[in-house]
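S.K.: Below are the C-alpha cells for one structure; questions will follow.
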Amino acid sequence: MRLTHSPHTSSSQRVRYLSNKIMVQAQDSIHCIINVVFNSFSSYTSIMLNVLAIIGMRKSSALPKILKTLLISLAVSDLCVGFCAQPIYVARLVICHYEGRALEKVKVLGIVDDFLPRAFWFASFLSVTALGAERFLAIHLHLRYQELVTHKRVVALAAVVWVVSASLSLIMSLPLPIGGPILVVIFGFCFICTSIFYCKIYSTAQRHINRIQTLHVHNNEMAVYIARMKKSGLCTCYVYVVFLLCYLPYYCTYGVGLVIREPNTTYFNFLQYTLTLVYVNSSLNPVVYCLLMRDIRQSILSILRNICRTSSLQRVEKKSRNVKMEEAENLYFSSCIMNSVLNSVSSFTAILLNVLTIHAMRKTTELPNTLKTLLLSLAVSDLCVGLLVQPLFVVELVNCNTEEDFHKPNALTLIFSSLCNIFSYASFLGVTALSIDRYLAVHLHLRYQELVTPQRVFAVVIIVWILSALLSFAEFLPLQIAETITVAVVLGCCFICTTLVYCKIYATVRRHTNQIRDLQLRQLEQGGEMVVNAAKQRKSAISAFYVYLVFLFCYLPCYCVFIVGSFIPEPKITFVDFELYASTLLFLNSSVNPVIYCWKMRHIRRSIICILRNIFCVTTDSTMADAKNQFYSSLIVNSVLNAVFSLTAVALNILTIYVMRKSSSLPPTLRTLLLSLAVSDLSVGLLAQPLYVEKLITALLQNSSDGPASSLRKCTDFIRRVILYASFFSISAVGVDRFLAVHLHLRYQELVTHKRVVAGVVLIWVFSALLSMLRIVWVDMGLVVGFFLGFCFISLTVVYCRIYFVVLHHTNQIQALQVQQVSKDGELAVNDAKQRKTVISTSYVFILFLFCYLPHYCSFVASVFVRGPNATLRLFLINTSSLLLINSSLNPIIYCWKMRQVRRGITEILRNIFLN
C-alpha cells in the first residue's frame with residue numbers, strides 16, 4: 001500500500017515536515033540577523049571612507065594620473081557597494097527573515113536586486129586585478145612604463161572593467177545555465193593572475209633591496225630608498241592578503257555550490273557569510289590603499305583637519321580676517337544655492353506624493369480606522385512641509401544671498417521658523433504615535449480594538465498638533481535655555497520611546513510567531529488562518545519599521561545639530577552649512593514617507609495604482625458625461641484665467657520694453673535679447689492668449705467645422721506657436737548669453753557683438769516661424785519637435801550649471817587677488833557681486849521657465865505616444881497650455897524684482913504717472 005493513500009500517514013508526514021522547517025528557520029534567523037548587523041555597519045563605513053578617499057585622491061597632486069584613475073575607479077565601485085548593494089542585500093535578508101522565504105526568492109526591486117550589487121562588486125574585484133597588473137608593470141617595465149602605460153589606455157581599461165562587470169552581472173541575473181561556469185572561469189583566471197602579479201611584485205622589490213644592500217653604500221638617500229622599497233613590498237602584501245581573505249572564501253563556496261546538486265541549509269548560511277565578507281572588502285579597500293599611501297593619507301588628514309579645526313580669526317591681521325570672512329560667506333552662498341535647488345525639487349515631490357497618498361488612504365476601506373487616522377495626520381503634516389515650509393525655506397535662503405546682513409533675523413525668518421517647527425514636530429510626533437499604535441496592535445492582540453478606539457486615536461492626533469504648536473512657540477520664550485531644554489527633553493524622550501517600542505515590537509512578533517508555529521503542529525486546520533494573521537502583523541510591523549528607519553535617518557542629524565548648537569554661542573560657518581543640510585534632510589523626509597507607504601502597504605499601493613490608472617486610462621462611455629462636465633468647467637476656468645492674464649501681460653511687458661529702451665546701464669547685447677523676450681511675451685498677451693481664449697470658447701460652444709473655420713484655426717495655431725517658440729528660444733538665448741558673459745570674461749565683448757546678437761534674434765524668429773509651419777503642414781512632426789525641445793531643455797540646464805561653477809571659479813580667483821591687490825579690492829568685490837546678482841536673476845527666469853514650460857512639454861510628449869481619445873490628457877494639455885501662456889505675465893515681474901535698473905525705471909515711470 002502506498003504511503004500517500006493513508007490520511008494518517010500523510011498527517012504525520014506534514015507534522016514532521018513542519019517541525020523540521022521550524023528548526024531550520026530558527027537556526028537561519030540567527031545567521032540572518034548577524035549578516036544584517038555586519039552589512040548595516042559596514043555600509044556606513046564604506047560610504048564614509050570611500051567618499052573621503054575619493055576627495056583625498058582628487059585633491060592629491062603627488063599621485064600619478066594612471067594610479068589615481070585606477071584607485072578612483074576602485075573607490076567608486078566600493079562606494080556603490082556601500083550605497084546600493086549592501087542596503088539591497090540587508091533589505092532582502094530582513095524580508096527573508098520575517099517572511100521565511102529563501103533568499104534567492106526574495107525580490108525588493110525585481111531584477112535590479114541581482115544586477116546592481118553584482119555589477120558593483122564585480123567592478124571592485126576587476127579593479128583590484130587591474131591595479132595589481134598596473135603595479136606589476138610599474139616595477140617590471142621600469143623606464144618603459146610611462147611610454148607603454150598611458151593615461152588614455154588606463155581610462156579605456158577602467159571603462160572596459162565596468163562594461164565587463166555589467167555584462168557579467170546581466171548574464172548572472174538571467175536564467176542561463178552557462179552563467180555560473182563563466183563566472184568561475186573568469187574569477188579563477190583573475191585570482192591566478194593577481195597571485196602571480198603580487199608574487200612578482202614582492203620578489204622584484206626584494207631583489208632590488210638585496211642589490212642595493214650588497215653595494216654597501218652608506219648614504220642617507222640610499223637608506224631612504226631602501227625603506228621606501230620595503231614599504232612598497234609590505235603594502236602589496238597587505239593588499240593581496242586582504243584581497244584573498246575577502247574574495248577567496250566566496251569563490252570557493254560558489255564553486256562548490258555548482259558541483260553540489262542539492263545544497264543544504266548550512267551551505268546557504270556559509271554563502272551568506274562569505275558574501276558579507278565580500279561586501280566588507282569595500283570598507284577595507286580605502287584603509288589599505290589610501291591610508292598606506294602617504295600622499296592620500298596626508299590629503300585626508302588635511303580635509304579632516306579643515307573640517308574639525310576651530311576658528312582663530314582673533315589672532316590674524318585685519319586684512320586676512322576680511323578675506324577669510326568673504327571665503328566663509330561664499331561657502332555659505334554655495335550651500336544656500338545647493339539647498340535651494342534640493343528643496344525646490346523635493347517640495348514638488350512632497351506635494352504630489354502626499355496628495356496622492358491622502359486621496360488613496362481616504363478611498364481605501366481595508367485599512368483600520370485607527371491606523372488610517374494616524375497615517376492621514378502624518379501625511380497632512382508632510383504635505384504642509386512641501387506646501388509651506390520648503391517654499392519659505394527657499395525664499396529665506398535666496399534672501400540670505402541678496403541681503404548684506406544675512407545673519408539678522410526678520411519677519412520672514414520668524415514666520416518660517418514657526419511653521420517649520422509646527423509641521424516638523426507634528427511629523428516627528430506622528431511617527432512616534434504611529435510606532436506606539438503598531439506596538440499596541442501587536443502586543444494587545446485581541447484587546448487592541450477594545451482599548452484603541454477611533455475616538456481615542458483622534459484625540460491623540462489633536463494632542464500631537466497642539467503639542468507641536470506649543471513646542472514651536474517655546475522658541476519665543478524669554479529664556480533661551482528654557483526653550484532648548486524643553487525641546488531637547490521632549491524630542492529625546494520621543495527618540496528613546498520610539499526605539500524601545502520597535503524593539504518590543506520585534507520581540508513580540510517573534511514570540512507570537514513561535515506560539516503560532518507550536519499550534520501548527522496540533523491544529524493544522526486552524527493554522528492557515530493564524531499564519532495569515534501572523535503574516536499581516538509582521539508585514540504591518542515591517543512597514544512601520546521602514547518608516548522608523550527613514551525617520552531616524554532624516555531627523556537624527558537635525559536633532560544632533562540642535563543639541564550641539566545650543567552649546568556653541570557663536571557657531572562658525574561650517575556648522576551653519578551643516579545645519580542647512582540637516583534641515584534639508586529633515587524636509588526630505590516628507591517626500592520619502594509616501595514612498596514608504598506605497599512600497600510597503602499593499603492597500604495604499606493598490607489604491608494609488610487604481611487612481612493613476614483612472615487618470616491615464618482611456619475614457620469609456622460610462623464616464624463620458626462626467627468627463628464632459630469636467631471638460632467644460634476646465635474650458636471656462638482657463639478662458640477666464642487667460643483673459644485676465646492677457647491684460648497683465650500686455651501692460652507689464654509694455655512697461656518693461658519702455659524701461660529697457662531708456663536704460664543705459666544694461667549691456668546692448670543683453671538688452672537686445674531681453675527686448676526680444678519681452679516682445680514675444682507682449683505678443684503672447686496681445687495675440688496668443690486672445691486667440692487661445694477664442695479657441696476655448698469655440699470648443700465650449702461646439703461651433704467647429706471642417707470648412708473655412710478649419711483654415712482659420714490653422715492660421716491662429718500658426719501665430720500662437722510662432723510666438724511661443726520665439727519666447728522659448730529667447731529664454732534659451734538669454735541663458736547662453738549669460739554663460740558666454742561669465743565664461744569668456746574679457747573676450748566676451750570681442751566675440752559677442754551687438755550685430756551678432758541682432759542676427760541671432762532674427763534667426764530665432766525665423767526658425768520659430770519655420771518650426772511652426774512644419775508642425776502644421778506635417779502632422780507627424782510632433783515627435784521631432786518633442787525631441788528638439790527636449791534637447792533645448794537639457795542644453796539650457798547644462799548651461800546654467802556651468803554658469804554656477806564658472807562664477808564660483810571666478811569668485812575664488814578674485815578672492816586670491818584681493819590678498820595681493822588691496823587697492824583694487826573694492827572694485828573686484830563689486831564686480832564679483834554684480835556677476836553673482838546677474839546669474840541669480842537669470843536663474844530665476846530659468847526656474848520660472850521650467851515651471852511654466854516643462855509640464856506642457858511632458859503632456860505634449862505624452863500626447864504623441866498615447867493612442868486613442870483620452871479626456872484626462874486633453875484636460876491636462878489645456879491646463880498646461882494656460883500655465884505656459886501665463887509665463888509671459890511673470891517674466892516682467894522677474895525683471896522688476898531682480899534687475900535693479902529695470903526696477904528703478906519702472907518705479908520712476910509709475911511715480912511720474914501717479915504724482916503728476
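Glycine too: its Cβ is placed from the backbone N, Cα and C atoms.
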S.K.: When you get a sec, could you say which of 368-390, 414-436 is annotated transmembrane segment by TrEMBL?
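M.R.: Of the candidate stretches, TrEMBL labels 414-436 as transmembrane segment.
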S.K.: In TrEMBL, which of 78-100, 331-353 is labelled transmembrane segment?
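M.R.: Matching range for transmembrane segment: 331-353.
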S.K.: Average the per-residue pLDDT over the domain 'G-protein coupled receptors family 1 profile' (353-597) and send me the rounded value.
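M.R.: So the average pLDDT across the domain 'G-protein coupled receptors family 1 profile' (353-597) works out to 75.
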S.K.: Are there 3 or more C-beta pairs under 8 Å linking the transmembrane segment (331-353) with the transmembrane segment (178-199), counting only pairs at least 6 apart in sequence?
M.R.: no
S.K.: Need a quick answer: max count of Cβ pairs under 8 Å to the transmembrane segment (872-897), which of 33-57, 485-507, 631-660 is it?
M.R.: 631-660
